[in-house]
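Report on the structure given below.
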Amino acid sequence: MNSKFQLILSTFVVIAAFTLLPRPCASIEFHRKLSSWSNGGATWYGAANGAGSDGGACGYQAAVDQAPFSSMIAAGSPSIYKSGLGCGSCYQVKCSGNSACSGNPVTVVLTDECPGGPCLSEPVHFDLSGTAFGAMANPGQADQLRAAGVLQIQYNRVPCNWGGVMLTFAVDAGSNPSYFAVLVKYENGDGDLSGMDLMQTGAGAAWTPMQQSWGAVWKLSAGAALQAPLSIRLTSSSGKTLVASNVIPSGWKPGASYTSTVNY
């Protein structure tokens, strides 16, 4: 009986000790939460309650101050602008080092490039619109926060979610029957693109890679008249693909915009 009791007691002690050990999964999750925010710098440009510049280096033009962007935009340092491949990506930004900071995150979309000044002196820098910079403030203290001019902030890359806004293909005004250029906006998820392909209509139709022209504009020089309707395949920065079948109709026009029923 004594040996049996000792065996039971030893088993209990081992189990109890095991339950007190740190759980690897819990520790990993804890550190993941700690590392979800990174440090960066922020300034602001343009009008105090404006959208930064009129359009920006990504090519979104008047869309920057209209819904759903609604002036909540940022010009990114080279590390996040990525020569235009970062256009359309979404970030949460917040500040806490100024008495006017609310500490609450606000979401901005990358629509422009910040090529100099503090954007080159820090690994990651956001030159925010006046609207977005002020949105980080306590209620009624937006002007006080903007007066600071420069802030240290925390930022986090987040999925874009444009609600019911449709994926839009804006055909460049310089397009013609054999040269096609297009800007895509309002992509959910990654928001930015790493590749784009086009497929014409007709026998033997196949996907043809497009090239980045500038900012968020992609182009294809076909050498002959393109046969519409045209389908476009998007590849996001994380490798996710999406096909917008026949999104560019027959009789398409340069400068016109066409919407898709699909989105990421």
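Just so it is clear, glycine is given a Cβ too, placed from its N, Cα and C backbone atoms.
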Just confirming the record: what cysteine out of CYS90, CYS101 does Swiss-Prot connect to CYS95 via a disulfide? CYS101
Based on the record in Swiss-Prot, give the one of CYS25, CYS58, CYS119 in a disulfide bond with CYS87. CYS58
Quick one: Swiss-Prot says CYS160 makes a disulfide with which of CYS90, CYS114? CYS90
Neighbour tally for CYS90 (disulfide bond), based on other Cβ positions within 10 Å of its Cβ: 23
Looking only at the disulfide-bonded residues CYS58, CYS87, CYS95, CYS101, CYS160 (disulfide bond) has its closest CA neighbour at CYS87
Long-range neighbours only, meaning 6 or more apart in sequence with Cβ under 8 Å: which ones does CYS87 (disulfide bond) have? CYS58, GLY59, TYR60, TYR81, LEU110, THR111, ASP192, LEU193, GLY215, ALA216
